[in-house]
Amino acid sequence: MNCEHFGICGGCTNIQDYSTQLQAKHNLTLQEFQSFLDTKSKNFQYPTNPLAIEVFASPQEGFRARAEFRFSHVFQNKSGLDFAMNAFGYNHRVPIKKCPILLPTLQDIMPLLLHYLNTYDLLNHKLYACNLLSSLQNEIIITLIYHKSLDSHWESLALKIQKELEYTLNTNIHIIGRSKNHKHILSNDIICEHLTLFANTPKERTYTFFKQESRFCQPNPFINTQMLEFIVSALSSIYTPQTPCDMLELYCGSGNFTIPLASIFRHIFATEVVKSAITLLQKNMAKNNIENIIPARLNAFESIQALRKERVFFRLKNIDLDAFAFDCVLIDPPRSGVGEEEVLYFLQNFNTIIYVSCNPHTLLNDLRILSQSHYVMRFGLFDQFPHTYHRECIVILRKSNKIL
């Protein structure tokens, strides 16, 4: 990657050439998960022997849809403030003027935004951080975070800058100001993302997702598309319209996986503990004209209690849990993984498990239990964050049939 800050800025920690990075990630993943892929010593019927890890590469530049920058007055000079990132290998910040891993529209806005921040003291006074969020359709949210209260004078100036940026870049820009316990939204805090799956094939379909400031969303839309295609293709080979059944999703968020999978299942019972994420999921359902997703505000343990009828939840009073015929479960846990044996043993009740992991080490631990009842049907390695050592994995597991 051609970046003047490569090896200096700590945003990118892997400075090898991209093909070497990807091969190293593949080799390490293969080494760690070999026992789950090599079936020679297993007493189960498997489709292939051994199973290959499917590797999905990212664009090397211009792939990241969000960024978090800091500012420090230490870097003030005659040309003004710069964005700042943590230094590579050191506990201090370094100034940067550009970031090639960002989507092109975010790269374009960085120098323009810096110009305005350096021009107006009202904008840069006690400015602490800046978050950027974009869609592939070039709509942008700029969040400016301050150690001061923001008044009507700030709002008037920020609105003026917002309009000038929109005119210059010919796209929708939304500036948000944040200070302690306050959020100033000048126009909107939600943008639209259109993702097309299986482009230029008979299966091509486009979905619309709302992305909200401060809410989690997939940072690499190119890899996200490949992740969705991977899961949809795997499940489409298992489930057909002639075999209608339902899916349970734990940690569904705002529906990144839920929305595209709705066409495969009769119903999806989508559970999530964050109330605002469920609200966004409902917006995504309406936008995509989907009616067979049933959201519920439950954590993983509450979901298990509800489905086992161990506890009655008032918030589920209008949902008939007995009407579901679950065959598949999708779980996208935090970096800490599932961990809890009670949840893992509960997952073993489903014929199909889709496990989305952002931490191979916790995935490895969880598979030690899940592999007692299921085999790995497909294993995908997704390079969500090029130029880092991060690895994203998706494992499709099917219930095993012992050979008698």
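Any Cβ shown, glycine's included, is placed from N, Cα and C.
Remember, it's a predicted structure, so these values are computed and weren't measured experimentally.
In Swiss-Prot, the S-adenosyl-L-methionine site is described by Q218, Y251, N256, D332, and among E204, E272, E310 the residue recorded at this site is E272. Of the residues the record lists as binding S-adenosyl-L-methionine, namely Q218, Y251, N256, E272, D332, the two whose Cα atoms sit farthest apart are 16 Å from each other. Taking a C-beta cut-off of under 8 Å and a sequence gap of six or more, E272 (S-adenosyl-L-methionine binding site) has these contacts in its own chain: Y251, C252, G253, I278, L281, P295, A296, R297, L298. Non-local neighbourhood of E392 (active site, proton acceptor): I223, M227, V356, S357, C358, L381, F382, D383, Q384, F385, each in the same chain, at least six residues away, with C-beta under 8 Å from its C-beta. Within 10 Å of the Cβ of C358 (active site, nucleophile) there are 18 other Cβ atoms, across all protein chains.
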